[in-house]
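*Asks:* Sharing the features that Swiss-Prot gives for it:
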type	residues	note
DOMAIN	30-213	domain 'DH'
DOMAIN	254-455	domain 'BAR'
DOMAIN	506-569	domain 'SH3 1'
DOMAIN	603-666	domain 'SH3 2'
REGION	1-26	region 'Disordered'
REGION	568-601	region 'Disordered'
REGION	657-676	region 'Disordered'
Amino acid sequence: MADFETDEASSKSESPEQEGQGSEDKSLLHQRLAIRELIDTEVSYLHTLRLCTSDIRGHLQQLPPGDLDILFSNIDDIIQVSSRFLHGLQETACKEEKQAHLIGNLFLEFQEELEQVYKVYCANYDQALLLVKAYQKEPELQKEIQGIIEAAVPQAGPSGLSFLLVIPLQRITKYPLLLQKILENTPADASAHPVLQRATSALQDVNSNINEYKMRKEVALKYTKVEQLSLRERLARINTHTLSKKTTRLSQLLKQEAGLVPRTEDKEFDDLEERFQWVSLCVTELKSNVAAYMDNLEAFLCFRPHERNLDIPGGAAEQYCSLARDLQLQAFLQFKQRLTGLVWQPLCSLARALVGPQNLIKKRLDKLLDFERVEEKLLDVGSVTYEEEAARHTYQALNSLIVAELPQFNHLVMQWLGQILRTFVVLQRDLADQVLRRAESSMALLPHRHVSEPDFQKLLEDTLGQSSSQLRHFRESFEKVLPPSTSQPLLPGSEHQMQSLLTRYGPGKIYQVTSNINGTGTLDLTLPRGQIVALLQNKDTKGNNSRWLVDTGGHRGYVPAGKLQLYHPINPSEKEPRRQTGMPEDYWLPTPEPTQPSVPTVPTMSQVVAVYPFVARSTHELSLQAGQPVTILEAQDKKGNPEWSLVEANGQRGYVPSNFLARTPSPTPRGWNLPS
């Protein structure tokens, strides 16, 4: 009996130590079980993701184009990160004593990568669900999708696609719970405890950041949608709330412009917006230039001289026709197709991609006005309504999203733009190589084939220079003897415009469009044949004298100089009817007369004479006698004043009053000859 009592007392004295040891062993066991659960579930999770990409996504090619990208989003990036993460988890198994510590460090190491890949997937999840609901409305398609999923993942059940798509969301939210479970079974004095605490907090922050990013993307998606609404639909959306909101914003803007309230300054956003606008301008200009290039290419391909009968049998002409036909049907056609597919279509897609950020930036300015008004009220009153607080958060979310993603967007657009330009250059080089390769057999017929490239370039420049000089000489010679070109009939209702331009600029600046002009640039004008314009400058801002700056009386812009001719006066026989228009007698508008083929007419040429005598008062002026013929060099002085004209008479030049001059017709004798 005494021995039994002694043993009982001994067992009671040892029980606290045994209980402590048993509790520690139990916590360690639970910790290892939690770690095992983390690793095993990660293996199963990664296996399911790989099934989604290989056995399911690969067999859903019957879905509309682009749907697979929305459904599975960036699942490939998630698989890549999870594979490396699982490899790190499995490597910790060989060090059981430090395994919990190593797992905590591993989560901290992968914190940023996990957030980056999962936030993209979670932000696109709602759009994927909308597609799933759309498929459910098509029984045949839904049955086919369900069969593919059940064959690959039987545990998906009737949920099918929805079951698979939600798995990544469940996984990222489960990481903090698994870490918390490991942390609870880790002694507070263990070295792994603070590391696990930081890892648990970090994964909780990851989930919070993902939720915040998803909310920002939802706000952005709301304002980046481009709706094609009719005027009636737009008017139907106007209500008292809309009018009140617009009025409040306008009032806030006017107070800022008047300096009554300060304007919120955000240099970071301003710099990003300026960069974005510059990038957008580059895309717009390149698209405009490529469009003009393709129009010119189309016009070039319409001309097919090799299909004409040149009446030159055999020889170089026949070989040229064969080469031109070959290039037209193969090389040029292939170049056009590649240009459309590799340059034009990507450029159009890039231009469309700019619309969303542009709308977002515009909406951000509206929300900024709401935010500033709410901030003022918060300072004055100390509280705001629920709607005002929501408007405040909307601006903050929108601004944070733009500031975070616009730099990356600008960088991607510039990369895309550079790739398009490089592709365009490569296409040009390929076309040149292809043409040279096809023309190699014809090069033996060229007279200068043995000349070096620098010498050939100089020879070409000299030949073109001589031809240009000869053509200029011919033109000047013909202009001296040919009668003035017949002006085109005025457009209906343009008499008043003609009167206005003539009064403002004088007759020496009035030109008429000889053929239709289609403007291609932002500063180019589109004008019909017969349009009257006034010359402002005979060159553009780059000094190019083939583009003239003109005034139509309503718009100003550039037109090709070759499609303009000086507006000439008409015969005196038409002067009498013309006086009824109220114009001065010295200027006559052309009126077309019916031609009479049976009665030959004598061509007339007009000359300018001095109507009154004029005595020069300085060396800049020229003395004239009444009836003395003169040549008008400029119908205005150096300041553009049309009241004085620069003339030449008897080899001398000087200024005379413009109203002292008049044009008189002089008949040209029959049989006038061309210059020899």
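Using N, Cα and C of the backbone, Cβ positions are placed for all residues, glycine too.
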*Asks:* Per DSSP, what is the residue count of the domain 'SH3 2' (603-666) in each of helix, strand and coil?
*Replies:* 3 helix, 34 strand, 27 coil
*Asks:* Run through the domain 'SH3 1' (506-569) and tell me, per DSSP, how many residues are helix, strand and coil.
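*Replies:* So the domain 'SH3 1' (506-569) is made up of 6 helix, 26 strand, 32 coil.
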*Asks:* Could you give the mean pLDDT over the domain 'SH3 1' (506-569), rounded to a whole number?
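*Replies:* Mean model confidence (pLDDT) across the domain 'SH3 1' (506-569) is 85.
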